[in-house]
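See structure below.
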């Protein structure tokens, strides 16, 4: 049986190379083939394809749709010279720092810390509400925040003012909405990490007279630093490519005031059908994503992969 | 004394955070049962299901929800099948490049799918696949595979190899062993992966938004966006009712696998491959 050779290939394997070797390859290749084919056709293929078309002037309309040409680095020089791209890049940076690194990360850690030692009822109510915002589809989350921030929305009613938040502070609006939606992930990561901090270490410090703030800063946080770093990487990766929430909430507007890079890419590739230029933007996003992903891989310890 | 104060402060902060998170939900729930809901959650004591009646028509919500079920469901089933098969050699055999392969999968989970959609769109256009639901499902499956194979392998590692040996002695091949021994024993794991993929695709807006051409093919994620941008300001109660109907399945499924998923959040510290 082919499977039996899995346990002791040296003993059961046939003497000479040919058929036995082929069987050994087929043994793993056959079950993995569907996955490998799908990954090659629909993930690796498109990524390689984007490397190619990023250097062409391919469009879906006009003459270049029939005869696309190799244009070298034109798309990239155009991109970095385009104030709208630079603007979108800065906005993405603000969005990631504001909503992920500062917002979700800090709030998630605070909630996880506050939940330690609380009763089961308290924990499940808080978890339920925070996770609820996370499970909610992004367009529904956008609708919720639209109603909250609109001119005759809840926030203005509560404050008793009339303010078009989505026009006057669009970045603040999308950042708040994304903090609300994404905090659950960081909270869950930190709850898991904190549950592995040995309580006697913290107690010993308390007996020695260390204040809660010092215990947090010098014992708890250093112990979970690996979780903090990899959480930061993961939420950065998720936030970097965020599209639906911003698109539904502000559409990138007013003007380009909240047009992050994914929205700019959408406009170029899917509105103006500038596929070559859009792919160049996509490629820049992929490279940035790949860098963060590599840092993440270096940070975690992968046991026995 | 300070202990009680600290405890009180912690509870009070948690209460405030919970209320802040609850705000936007309450609007949806309240507005959906108000006969004439406005943008703000100004609750009146009237209760009516008119909003639900108004949106429960074929084009508005029934067809989109069916589309969502078809797209998310077939993606989930296909992903589980393909990932389950791929996980078997990764879990059972000594493969030389296993570690590289697993690390590559983990690396791939970090790549922005939003960006990959531009070349996918260009490819679909070139090969006449634009607007094809099956082609989109294959893409969604491929994008769910890296994480799913990873999870499947972990669950499969939990099934002792000794249980399979009995089947091998009886002359079963790997397909039979996988179907009759390993599959049933890791059924909870398969359910977790399937639901995880299903819920993820249920909320997916960008892929169908750019890859499908006609409204009749669109899942609820896109339909609710269209509804929101067209009637959002006017028919607010109906938007809320739509939101409730569309969100409910995701919440129910999440609750079902909640306790199994808890373990996977150690992901950020150390990963068991």
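Cβ coordinates are placed from backbone N, Cα and C, and glycine is handled just like the others.
Summarising the annotation, TrEMBL assigns transmembrane segment to A:28-55 (among others). Only residues 6 or more beyond the boundaries of the transmembrane segment (A:28-55), in the same chain, are considered here, and those with a CB under 8 A from a CB of the stretch are 68, 70-73, 75-76, 275-276, 279-280, 282-283, 286.
Within its own chain, the transmembrane segment (A:89-114) is flanked in space by residues 126, 130, 171, 174-176, 178-179, 182-191, 193-194, 216, 220, 228, 231-232, 235-236, 238-240, 242, 246, 258-262, which lie at least six positions past its ends and keep a Cβ under 8 Å from the stretch. As annotated by TrEMBL, transmembrane segment applies to A:89-114 (among others).
The domain 'ABC transmembrane type-1' annotation in TrEMBL covers A:90-296.
If you look up TrEMBL, you'll see A:126-148 (among others) marked as transmembrane segment. Long-range neighbours of the transmembrane segment (A:126-148) within the same chain, counting only residues 6 or more positions beyond its ends whose Cβ lies under 8 Å from a Cβ of the stretch, are 111, 115, 154-155, 166, 173, 176-177, 180-185, 187-188, 244-245, 248-249.
The transmembrane segment annotation in TrEMBL covers A:168-190 (among others).
The annotation transmembrane segment is assigned in TrEMBL to A:232-255 (among others). Residues 92, 95-96, 99-101, 104-105, 138-139, 141-143, 145-146, 166-167, 170, 173-174, 177-178, 181-182, 185-186, 189, 262-264, 266-267, 285, 288-289, 292-293, 295-296, 299 of the same chain, all 6+ positions outside the transmembrane segment (A:232-255), place their C-beta atoms under 8 angstroms from a C-beta of that stretch.
Look at TrEMBL and you will find A:275-297 (among others) tagged as transmembrane segment. Tertiary neighbourhood of the transmembrane segment (A:275-297): same-chain residues 47, 50-51, 53-60, 64, 68, 71, 75-76, 78-79, 85, 230, 233-234, 236-237, 240-241, 261-262, 264-265, 268-269, selected by CB-CB distance under 8 Å and a gap of 6+ residues from either end.
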